[in-house]
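Heads up, the thing below is written out as C-alpha cells.
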Amino acid sequence: MRFSVLLTGLAAAGSIATAERTCGAVPPRAYEKEFTEALNSLSPEAASADLTAGITIDTYLHVLTSGQTGNIPDSQLQAQINAMNQHYSQAGVQFRLVKATRTDNANWASGRDEAGMKKALHMGTYSSLNIYFIPNLSSGLLGICYFPRANPSQTTIIMDGCMVRSGTVPGGETTNYNQGKTATHEVGHFLGLYHVFSENGSCVDADMVADTPAQSKKTSGCPSSQDSCPGGGVDSIHNYMDYSYDVCMNQFTPGQANRIAQSWRAFRAGH
C-alpha cells in the first residue's frame, strides 16, 4: 500500500512544509477471497492457536542514505520501535528490534531498484518485518507496504515489508507526519488491514471490519469530526488506518485486532 504527499510549496530535501496523504496502490486482486481461503485451510490446531499472550514480531530496520541525507540516529530508530509498540499494544502486537543496518547508496535512497535493494538487505523470514527508511521515495510517497500472501514464493518473501520515508520517524522533519505513525499505518497492511475508508467513494464495508463505520472518503488533516456515511456512526478519523495527521491518530479497534490475529495465523505464523 502506498502513501504519497502532495506538496503545496517548496521544501528542503527530505522535509515537507505542507502535505496531504494520498494512496497510489490497492490490495491484490481478489484479496479477500485469498484471505478467507487461507483461513479456512488452517489446521484445527493452527486456527485455534492461543494468541492471548500477543504476537511478537522480529523486526529489522534498514536506513538508506545518500551521503548524510536520510541518516537516522539509533535514538530515533528506537523511538520508532517504541511508538509502534505503544500503538499496537491495543491490538496485542509488539515489535522486537533484532538489527538495524545503514547503507549509503544514492540509487536506493531515491527509491529506485527496490528489488535489488531488498535482495541485498532483506533479513529474517516471512514472519519477520523489514522496514526500509528511504529519504526520497518516488512521487513524494510517505510509505509503501505489501499485504501478506498465501504460499509466498522466495521472491515474494524478499519483496515483503515496508518502505517508509525517513522524515516520518518520531522527531523527523516531515511536518504533520513525524510521530512515527506512517510506519504504524504501513505495518497495518503487512498485518492484513485495509484502509478504513472506501477506495471508490461508496458507503460499503470497505475494510471488512464490523466495528469501523462505513466511510466514503479519506480524512485530511485533523478535523473535530467527520461523517461521510450518515446513519452508521461517524468516520474513524482517529484510526491508524485512515489518512489523518499523525497527531490525530490514536486507535485500532477490537475488530481490527481480531483481523490482525486471523491474518497472522493464516499467512505469517510459522513461516
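Cβ from N, Cα, C; glycine included.
What Swiss-Prot records for His185, His189 is Zn(2+) binding site, and it gives sequence analysis as the kind of evidence. If you look up Swiss-Prot, you'll see Cys222-Cys248 marked as disulfide bond, on the strength of similarity to another entry. Per Swiss-Prot, N-linked glycosylation site is recorded for Asn136, Asn200, and the stated evidence type is sequence analysis. The signal peptide annotation in Swiss-Prot covers 1-19 and is backed by sequence analysis.
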Under a three-state reading of DSSP, tell me whether Asn136 (N-linked glycosylation site) is helix, strand or coil.
coil
Which of Cys222, Cys248, the listed disulfide-bonded residues, has fewest other Cβ atoms within 10 Å:
Cys222
C-alpha spacing of Cys248 (disulfide bond) relative to His189 (Zn(2+) binding site), in angstrom:
19
Using Cα positions only, nearest of the recorded positions to Cys248 (disulfide bond) (Asn136, His185, Asn200):
His185
Which one, from the binding-site residues His185, His189, has the smallest tally of other C-beta atoms lying within 10 Å of its C-beta?
His189
Within a 10 Å radius around the Cβ, which one of these glycosylation sites has the most neighbouring Cβ atoms: Asn136, Asn200?
Asn136
Any idea what the Cα distance is from Asn200 (N-linked glycosylation site) over to His185 (Zn(2+) binding site), rounded to a whole Å?
20
If H, G and I count as helix, E and B as strand, and all else as coil, what does DSSP give for His189 (Zn(2+) binding site)?
helix
